[in-house]
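The structure appears below as structure tokens.
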Amino acid sequence: FLSPLLADAETLGGPDPELAATMGFSGFGKKARTFDLEAMFEQTRRTAVERSRKVLEARAREKEDQAEKEFRSPYTDSSASASSATGAGSTLTQRETACNESEDSSDEGLIGPAMQSQTSPQGPAEYPDDAEDDEFIGPPLPPGFKDSDDDNDDDTEEEDNNPVKKIPDSHEITLQHGTKTVSALGLDPSGARLITGGYDYDVKFWDFAGMDASLQAFRSLQPCECHQIKSLQYSSTGDVILVVSGNSQAKVLDRDGFPVMECIKGDQYIVDMTNTKGHTAMLNSGCWHPKIKEEFLTCSNDGTVRTWDVNNEKKHKNVFKPRSVQGKRVIPTTCTYSRDGKLIAAGCQDGSIQIWDRNMSVHTKFHCRQAHAPGTDTSCLTFSYDGTVLASRGGDDTLKIWDIRQFKKPLNSAERLPSFFPMTDCCFSPDDKILVTGTSVKKGGGSGKLFFFYRETFQKLYEIEVTDASVVRCLWHPKLNQIMVGTGNGLAKVYYDPVKSQRGAKLCVVKTKRKERQAETLTQDYIITPHALPMFREPRQRSTRKQLEKDRLDPMKSHKPEPPVAGPGRGGRVGTHGGTLSSYIVKNIALDKTDDSNPREAILRHAKEAEENPYWVAPAYAKTQPKTVFAEVEPEDDETDKPEWKKRKI
């Protein structure tokens, strides 16, 4: 389909200026790059044929082994058939040869897995190519000769036999969350966004496709105020995020961090936790249902495990209450769903692991009373991808793997794995053959490590020294094939392999850092004041002597400020007072110069004004009030000789 275009490009000697002006760009009409399409198609066809041949040969070998065990034919028959085949080969006509070539070409064009071969009483029916490849025609091959296909097969077989080569740890990037412990990690199902939460109350959002080599988060928020983040997880569809923190109310955020719902808080004064609408104590863990996108699970220090619906924040859906051997309440420290969502598992402080049917909350379906040491916090429970095996990370420095159908005894156990955090977790590899967990260290006590165990034998396959702090969280994403690790010093590390891994960290490490804007690169800040300009500047006097003389004559400017009142008395300043109510009252008393020593005269002082302008009592009794008569005081000479009670007359 490109041949007419290529022919036009060859016949076109140079760019036509009129045509270039019409199209609007100067490069129109130049000779296009030529590609050898036949060579490209041939290379693609050979690659496809090689892959198909490998699959066919592997299946043919399996069929041959089965056929040799079931049907044994005499060697004489095989020699006779070989001689007849040789004779027939010598008498082949040109038409038969052409037919065989056409069949070979049709078989070579086969792409994808081969069809199942049908067995006959004489033996399995083989493909023509395989039959011709099995019969060696011509001189024997020299010793030590190996085909390239055999080399590739050996490499794949060696990788299958050695699971360490499947661990993507050749490269790493470090995301700086903060300075405190990264206690929660979450990746959406597609692997496009990572969320981290820590003891600093922050939740940060990282977009691998939008980040450059500077590795900066595009959003940071504190959804639960001053509560440490315990768990973060995207739903099965990736559109909402479950946030479990140190308070009693779990929150659900959308992809951009905006709140969607908040669980209700229960009544802490009710004894039976079934009758409360929500949790009444600190949350410990939470996770989403793997199949139902609206349902999630939380466990709390109030001794309950509750399921919730995103569309109903007023009350939980169901309540599961773990019980000890004596039937007493026990605190669940971690909880999870099975891969199909039919089972709910919880690890408790008494060392037990209890599993319920999701639809039956009364009695446990499976339980193990002595899974871990009593009094320790089981920090993580996770089911394998096939759903038959449960891994538990205990606070007793152990990692155990269980078959829930035989739940009395662990299948395997690993010890001496220190854990100082209540959320140290473990996870399975995407192929379900490796189990991963982290270890904790004290400050200055070495490096935190990531350990890889073979699931079948629990043999330690590999270890990675992450950093000089504890490894708290680990997450192996099945689509990206990348390992995310949260540490105790505020780092989130991503381990990947350029060949084995997909997208994720590979998208952002290849991008160069963006150039800073020119406004952000000013060498110094300029402060511009309007009055510094000449047109706004006030006129400056040439001599200050005249201004000082004017200020001396001004009584306000030349007045010395009064010193503060110190010591007893006011120093003659009556108006000086503090800012309190008592000082204000004292000031008013001092300024009040009226003499109330004679109460009669104090009343008669207002008599003339009351008579001329009556206001209170007189208008009401204007018609019936008699005329007021006051007695007159006669002055006497010998008033001083009389007793005190006879000096006044009314």
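Positions of Cβ are set from backbone N, Cα and C atoms, glycine also.
Taken verbatim from TrEMBL:
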COMPBIAS  44-72  compositional bias 'Basic and acidic residues'
COMPBIAS  78-91  compositional bias 'Low complexity'
COMPBIAS  127-136  compositional bias 'Acidic residues'
COMPBIAS  148-161  compositional bias 'Acidic residues'
COMPBIAS  162-171  compositional bias 'Basic and acidic residues'
COMPBIAS  538-562  compositional bias 'Basic and acidic residues'
COMPBIAS  568-578  compositional bias 'Gly residues'
REGION    44-171  region 'Disordered'
REGION    538-579  region 'Disordered'
REGION    627-650  region 'Disordered'
REPEAT    175-207  repeat 'WD'
REPEAT    276-318  repeat 'WD'
REPEAT    337-357  repeat 'WD'
REPEAT    381-405  repeat 'WD'
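Under 8 Å from some Cβ of the compositional bias 'Basic and acidic residues' (162-171) lie the Cβ atoms of residues 429, 431, 433-434, 452, 454, 461-462, 464, 481-483, 495-498, 500-501, 505, 509, all in the same chain and six or more residues away from its ends. Helix first, then strand, then coil: DSSP counts for the repeat 'WD' (175-207) stand at 0 helix, 19 strand, 14 coil. Mean pLDDT across the repeat 'WD' (337-357) comes to 91 in this model. DSSP assignment over the compositional bias 'Basic and acidic residues' (162-171) gives 4 helix, 1 strand, 5 coil. Sequence-distant neighbours of the repeat 'WD' (337-357) (same chain, 6+ residues past either end, Cβ-Cβ under 8 Å): 287-292, 297, 299, 305, 307, 320, 322, 324-325, 330-331, 363-381, 383-387, 390, 392, 394, 396, 402, 404, 407. Break the repeat 'WD' (276-318) down by DSSP state and the numbers are 0 helix, 19 strand, 24 coil.
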